[in-house]
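Here is what TrEMBL says about this protein:
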{"type": "TRANSMEM", "residues": "B:6-25", "note": "transmembrane segment"}
{"type": "TRANSMEM", "residues": "B:37-56", "note": "transmembrane segment"}
{"type": "TRANSMEM", "residues": "B:92-110", "note": "transmembrane segment"}
{"type": "TRANSMEM", "residues": "B:157-175", "note": "transmembrane segment"}
{"type": "TRANSMEM", "residues": "B:216-237", "note": "transmembrane segment"}
{"type": "TRANSMEM", "residues": "B:244-265", "note": "transmembrane segment"}
{"type": "TRANSMEM", "residues": "B:271-295", "note": "transmembrane segment"}
Amino acid sequence: MADGWWPFRAQVRETVMDALFDQKLMAALFFSAGYNTTLVTIGAALLGASAGAVGAFMMLRKRSLVSDAISHATLPGLALAFIVMALATGDGRFMPGLMLGAALSAWLGLLALEWVTRRTRLTEDVAIGAVLSVFFGLGVTLLTVIQVMDTGRRAGIGGFLLGSTAGMLRSEAELIAVAAALCGVAVYVLRRPFTLVSFDPAYAATQGISVRMTDLALLALALIVTVIGLKVAGLVLIVALTILPPVIARFWTNRPGRLPLIAAAVGAFSAYAGAVISSLGPGLPTGALIVLVSFAVFVVSLVFSPLRGLLAGQMEMLALRARVHERQGLLAMARDEPVYDRMTLRVLRRAGFIRADGVPTPAGHAAAKAAQREETLWSLYRRLFPDEAAAGGYHGLTPINDALPSDIVRDLEARVAVH
Amino acid sequence: MNSDFVMLNLPPLVVGVLTAVCCALPGNFLVLRRQALVGDAVSHVVLPGIVLAFVITGSVAAGPMLLGAGLAAVGSLVLIEIIRRVGRIEPGAAMGVVFTAMFAGGILLLEQTNTGHVHLDVEHALYGSLESIVWFDGEGWHSLFDSAALAQLPPQVPRLALTLLAVCVFIAVFWKELFIGTFDPGFAATVGARPGLVGLALAVVVAVVAVMAFDAVGAIIVVAMFICPAGAARLMTDRLFPQLLWSVAFAVISAVVGYCLAAFAPSWFGFSHALSAAGMIATVAGVVFAAACLFGPRRRRAGQVA
């Protein structure tokens, strides 16, 4: 075991140390590593931004994995375009031609997907799985045809499977950058219909927005992003560019207007960082690095997000526990009952409600009285309006003056006074 | 010709059919539970599993590889569930996060460690190498009755046969639980059929099948076989048991026709090379699926018009 593991670990450390003290990294980070590398990193960043923004709406529409079907469905088109161009010109590696083929077959895949979900009783996940596996299988079969035809020039298509920016032509990088920027603009223009259809398709329809056309536009944008991203991230991993950034963005905002912006920023950052790291040496595939960078961002978000992160959840739970102990302790004090629970005692002491020997302070007496009032009003409210109380999810720890309208609170107080 | 067939073509054909049936059977439940893409996710994370096993053990022996792949597959299921619950994320997106990240990790690890002298590459993982399964001792049909020759069968054949047996036993033993858990999880919970537990067991079975099948045929055919035969069968009948039978029939047809087309069709056109059998089997499965979508007697939803 040690034999296999240690050399590898040493290699990783070496790579990391190299990277930290390497001029190449600094140069690539700050756009001074030559025109081509700079262009590729900028192109990747633009691509990441567009993919993130498109993906945000795909996620809101709960169709994240449709991109997976799109990306796999490009393979037969790529292979056919390669075959046709190789037969016609002798070289099948002309990138715009390959992209066109990829886009056409991905579009066919989308049509098949839509047709299966609309015309049969199968659900969308089945349609996605069927399209992606069958198109990919067909593509693999066509790849073996290419192998038979012409064994030397297959490298042109291998790069699409896992993505490689090494040796990318300047014209290719420019094409990717321009197309990605245009896609981003299109998403910005269409953001309102996209948002409406994602949240309430029926309402969108009453506003004169065609749900079907909006969905098609979104899918078309996803398709364009996928096709131009193939060469950078690779066929298997391009789907991550549309899934990971929106999921990350969801950790940082609850507002639909901000979601695509954050997703675009995260996408741009991961694609940029991934492209830079991958330009440092061999054995660092671009697609994999982009995905791993954004996965790292994801893990950080999962732990530290203030909205739904693990830490925030833990702290919220601890705070709630302290409030429950405080309330129960104060109620006991109001009834002149002794408190034994150690956590309750600690909470009360820290709040200054009791002295070190357990005797209530004046502040403690006041707080106990207030707590008892809260408890009485809340329990009365719960008895009188059980449905509203259940629907509101009040656990009785929120100050009642903050949670309920003042006239209701006055009414409750009047009823308590009568009894 | 005959001896050639038994040596070169029979083993991949048998492996193809066994794989197809192994995947199609649990695929029925995935399709009905709207979890079709679990098969997709699991078959992607097999790659990092085998790469990690290779990095740790330094060998390409089947045992550690299968173990690594199995652990990665089950680990990914657990991770998906955690991310889905903790982050409150749509299941599709949670799946996408996990399988792309693990696949990317596998590729990076592979590129960093593979020095070229080991046959372990991404394309192999995706397409498999059904064609390379050869039974050297199969000198003719009579070898099927020769115990010495049978002992030299390619290891994938008995492995997959055992997997198939295990899948059948699982479905037979938990038939009732699977049935009600699939159609009415709420009711299943009230009668003590433990739908959560059975669902987890199903996921593990899917993972095991994906790993075993992947070893023989590659990821792509695994995904196709989880989904296409079962999806097509769903359009043929309204009852679960007949649906299982239909899916098995579709799987066998896809495997046999696909393999034969890949192996023999090129020679009809004068080419000497065979095509990718895995790719062709997936393609034929797609044709079967499309035919069922067009003509299946139960293809519509209740009340759905043409």
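A Cβ is built for glycine as well, from the same backbone N, Cα and C atoms used for every other residue.
Note that TrEMBL annotation is computational and uncurated.
Within the chain, the transmembrane segment (B:244-265) has long-range Cβ neighbours (under 8 A, six or more residues past its boundaries) at 9, 12-13, 16-17, 19-21, 23-25, 27-28, 130-131, 171, 224-225, 228-230, 232-233, 236-237, 274-277, 279-285, 288, 292. The largest share of C-beta pairs under 8 angstroms with the transmembrane segment (B:92-110) comes from B:37-56, of the ranges B:6-25, B:37-56, B:157-175, B:216-237. Within the chain carrying the transmembrane segment (B:216-237), a Cβ under 8 angstroms from the stretch's Cβ atoms is held by residues 15-16, 19-20, 22-24, 26-28, 30-32, 36, 39-40, 43-44, 46-47, 124-130, 133, 156, 159-160, 206, 209-210, 243-248, 250-251, 254, 278-279, 281-282, 285-286, 288-289, 291-293, 296-299, all 6 or more beyond its ends. Remote same-chain partners of the transmembrane segment (B:37-56), defined as residues 6 or more beyond its termini with a Cβ less than 8 Å from a stretch Cβ, comprise 23, 27, 30, 64-65, 67-73, 75-77, 80, 92, 95, 98-100, 102-103, 105-107, 109-110, 113, 118, 120, 122, 125, 203, 206-207, 210-211, 214, 219, 222-223, 226-227.
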